[in-house]
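Colleague: Relevant sequence annotations retrieved from TrEMBL are reproduced here:
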type	residues	note
BINDING	29, 74, 163, 167	Mn(2+) binding site
DOMAIN	4-82	domain 'Manganese/iron superoxide dismutase N-terminal'
DOMAIN	97-196	domain 'Manganese/iron superoxide dismutase C-terminal'
Ligand SMILES: [Fe+2]
């Protein structure tokens with residue numbers, strides 16, 4: 001079946017991540033940007049199903065990769081966020097004792113050290129892309145990595161993904177990407193991250 005993807009609902013209201021991510025950003029990001037990837041992915045898959053030659057199929061690869069990646073990445077991103085605990089709104093930003101915290105402490109030394117390394121690595125992305133905390137499927141170790149444009153993470157199992165496109169922060173943080181990166185840790189859903197981590201360690205496919 002092709003062309004059947006739909007925009008998933010956010011698991012919280014548009015203003016739920018304030019003050020760290022504004023309602024305006026969340027509405028545009030979800031209703032406009034993510035919707036555009038879904039619409040274009042459906043169109044590309046519909047066209048792909050009608051192709052009759054390899055040349056026609058090759059011509060659609062870029063659209064499938066870009067819009068398919070955009071849909072995959074944003075669907076993960078919304079679930080990776082949660083209203084901030086330090087605003088009394090939810091569980092965002094809180095890493096409880098458990099397997100993920102143990103892995104972060106043993107790999108990076110502390111959550112603060114992970115944040116510092118993650119922010120430094122993702123701040124270095126040239127142009128648009130994504131920052132990832134991923135599980136290396138071979139070594140079962142946590143690693144920080146990046147992907148360009150809307151490329152999904154294929155080398156690792158994604159545990160946390162952060163959108164580093166300007167559309168994710170510019171309306172609130174302007175050109176100061178590092179302020180966005182510092183702020184977003186207040187709304188990271190570590191419970192979701194731990195779920196992805198433990199499923200990845202146990203070998204199930206995400
Ligand atoms: Fe985005």
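Glycine residues also receive a Cβ, built from the backbone N, Cα and C atoms like all the rest.
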Colleague: Return the average pLDDT for the domain 'Manganese/iron superoxide dismutase C-terminal' (97-196) as a whole number.
Modeller: 97
Colleague: Around the Mn(2+) site formed by 29, 74, 163, 167, list the extra residues of the same chain whose Cβ is within 8 Å of the site's Cβ centroid.
Modeller: 30, 33, 34, 77, 165, 168
Colleague: Sort residue 167 (Mn(2+) binding site) into helix, strand or coil using the DSSP assignment.
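Modeller: SS state of residue 167 (Mn(2+) binding site) = helix.
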Colleague: Between 29, 74, 167, which of the binding-site residues has its C-beta surrounded by the fewest other C-beta atoms within 10 Å?
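Modeller: Counting other Cβ atoms within 10 Å of each of the binding-site residues 29, 74, 167, the minimum falls on 167.
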Colleague: Quick one: give me the count of other CB atoms within 10 A of the CB of residue 163 (Mn(2+) binding site).
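Modeller: Result for residue 163 (Mn(2+) binding site): 26 other Cβ atoms within 10 Å.
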